[in-house]
Amino acid sequence: MQLYTYLYLLVPLVTFHLILGTGTLDHGGALTERRSTDATALKPEPVLQKSAARSTDDNGKDRLTQMKRILKKRGNNPRADEEYLKFIEEQRKQGKLDPTKFP
C-alpha cells in the first residue's frame with residue numbers, strides 16, 4: 001500500500017519536471033536546451049524593410065536620392081520660388097503686373 005502512495009505522489013512530480021523542461025533526456029541533454037535549439041532553427045530570418053524616407057517611386061528610383069539631386073540642382077531654393085518667378089515673368093511680359101508692386 002505504501003508503494004502505491006509513493007508512486008501516486010512521485011509520478012505527477014516527475015511529469016511536471018519533464019513538462020517544464022527541468023528534467024533530462026536519455027543522453028543527459030536538458031529538455032530546455034533541445035527546445036531552444038529547435039526554436040532558433042525554426043525562427044524565420046527578419047525581413048529587411050526600407051524606411052519611409054528611402055521609399056522608391058513608380059520607376060523604382062530612390063526618392064531621397066532624387067530629392068537631394070533636385071535640391072542641389074535648384075541651389076536649395078524651394079520649388080514655389082521657381083514657379084512663382086516664372087508666373088511673375090509671364091505676367092510682366094503680358095503687362096498685367098504693376099511694376100511698382102512687383103519689382
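For all residues, glycine too, the Cβ spot is worked out from N, Cα and C.
Annotated features, as they stand in Swiss-Prot:
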type	residues	note
SIGNAL	1-21	signal peptide
REGION	34-83	region 'Disordered'
COMPBIAS	55-65	compositional bias 'Basic and acidic residues'
MOD_RES	E82	4-carboxyglutamate
MOD_RES	E83	4-carboxyglutamate
MOD_RES	E89	4-carboxyglutamate
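A map of Swiss-Prot features onto the structure.
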residue	record	Cβ neighbours (10 Å)
E82	4-carboxyglutamate	11
E83	4-carboxyglutamate	10
E89	4-carboxyglutamate	11
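Rounded to a whole number, the distance between the Cα atoms of E89 (4-carboxyglutamate) and E83 (4-carboxyglutamate) is 10 Å.
Geometry remark: E89 (4-carboxyglutamate) versus E82 (4-carboxyglutamate), CA distance 11 Å.
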